[in-house]
Amino acid sequence: MYFHIIRHSLRVISHVQFISAISIMDDQKEFVNVNLNSSEFILSSQSIEHNKNSNFKNNEGLSITYGIDDNPPWYLCIFMALQHYLTMIGAIVSIPFILTPALCMKEDDPARGHIISTMIFVTAIVTFIQVTFGCRLPIVQGGTISFLVPTLAILKLPQWRCPSMASINEMTSYDQEELWKVRMRELSGAIAVSALFQVFLGYSGLIGKVVKYVTPLTIVPTVSLVGLSLFENAAESASKHWGISMGTIILLTLFSQFLTNVKLPVPTYSKTNGFSTTKFNVLLTITIMWILCALFTMYDYFPIGHPARTDVKIRIIGDSSWFRVPYPGQWGWPTVSVAGVIGMLAGVLACTVESISYYPTTAKMCGAPPPPIHAINRGIGFEGLGTVFAGLMGSGNGTNTFGENVGAIGVTKIGSRRVIQYASALMLIQGVVNKFGAVFIIIPEPIVGGMFCIMFGMISAFGLSALQYVQLNSSRNLYIIGFSMFFSLVLPKWLIAHPNAIQTGNEILDSVLTVICSTSILVGGLIGCFLDNTIPGTPEERGLIAWANEMNLTSEPTTGEETSTYDFPVGMKALRKLVDEMD
């Protein structure tokens, strides 16, 4: 969670560093490097000897050390894969810190570590398949905050609300375990079934037709509300000790914003630039604050049992086994309900929209040609299959493209898909080492709360960045933005205060409507999409022309070389021969 911080502070800062690591398009549609060279990873472009042409320019003028089809030496792949692994691990492990309390799990339950390990294991499998057979771009696929919003809405239904802690403590160990497992099975079934829509959307080729309705004014409320709707979770964790939380916020802001070009004696090293704080600022922040909490614990500054103490959940490590291989149905076979499936569709749609926007950006970062429609279709289809797999494995979450790793490509100038394949191998190993997942569970909660404050804010800002394509001096656009976002916060908030407000006489219909109206990203996305596609407006006013040019969604490869970048690793000659014979 605190390391979700790495993800969403790698998504958080997927966007703190995504913004500072990639190239953006200005009003004249010319690409401008934004602090591209201000932060280097352990292996910078100047410190690697490429066996081809070092620092060749891609088609957008960006300097790339290893392109998408290049295969660096295996020993370099390991080190470069480690950088991508460290970039995403924080984002992965942070999700259970919000999920597990809603599942009615006790804070010291060793199964929390099992869930983290399952998420890492799923990320490894899905990432390898996506990079090798899916869209073929060097992206990392893993757990996402987008699924947490509908998850929390589902778990707030009357039948899934947690009993009091006193009641939980009076239960037997078996009953306590079954209490959260039955909820996990409900989520697993909802995730797996709802993801079939994404599979259909990708493999049916509908993306090319549907995407014209997914406009910037649809993306803004959908993505922004992912962060805004979770402010209560951030406040709850941060309020456990505002001093520790504010210290976390200050350090992360200092390292990620003010010291991007300042060299400090920290673990990140580049032969050319020496020591630097950049890129591992989240990890550095967590480490410093964790050590500070340990010192306060050592001298009993915090009372026994205080959330800021480092020994509150320490027994989880001892209770966890060293090795554990996740498997489908490990919490019991998933159950399916109409309300759950429809609610999870909100997360599926949000992830689909987000991934579509990441694919062209990733291609630019790694020097590849714009992804053709068929590659985007295939990527969305495999992402859907990955989410089905995540649901069956009982991770309690789906999968989505990690924006922070896209930003990492811009910083390291290493866009090889082989590196991501090595990274997936590292994740696979860590996914079966159960002690590893347990370590992240014991991070003091106030640290996580501080990271959430920045992370969720950055997610919201990333959604708002789509406004760069539309005309903000248009009263039409301002109306759509304002109403879609404000009403999407009002309605769920009211339903939380009045859980039995919807009474149609049909219990299933009541649950479905409650979940839909309680899921802010679904309400906001639907309102934004409906209003933008029905209220009259010019293409320029709606931002459609700039959006289409930026995303390259209408581009198709014209040369064999461009086509080969997105080909399957084997069997393409036979496939093309078969197609030619059919023609």
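Note: Cβ is positioned from N, Cα and C throughout, glycine not excepted.
Nobody curates TrEMBL annotations by hand; they come from automatic prediction.
Just so it is clear, the model here is predicted, and its values are computed rather than measured.
Copied over from TrEMBL, here are the features:
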TRANSMEM  73-99  transmembrane segment
TRANSMEM  111-133  transmembrane segment
TRANSMEM  187-207  transmembrane segment
TRANSMEM  243-260  transmembrane segment
TRANSMEM  280-299  transmembrane segment
TRANSMEM  422-443  transmembrane segment
TRANSMEM  449-470  transmembrane segment
TRANSMEM  477-496  transmembrane segment
TRANSMEM  508-531  transmembrane segment
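The recorded stretches the transmembrane segment (111-133) and the transmembrane segment (422-443) share 3+ CB pairs below 8 A when only pairs 6 or more apart in sequence are counted, and are therefore in contact. The transmembrane segment (280-299) makes no contact with the transmembrane segment (477-496), as judged by fewer than three Cβ pairs under 8 Å among residues 6 or more apart in sequence. Highest Cβ contact count with the transmembrane segment (73-99) among the listed stretches 187-207, 422-443, 477-496 falls to 422-443 (criterion: pairs under 8 Å).
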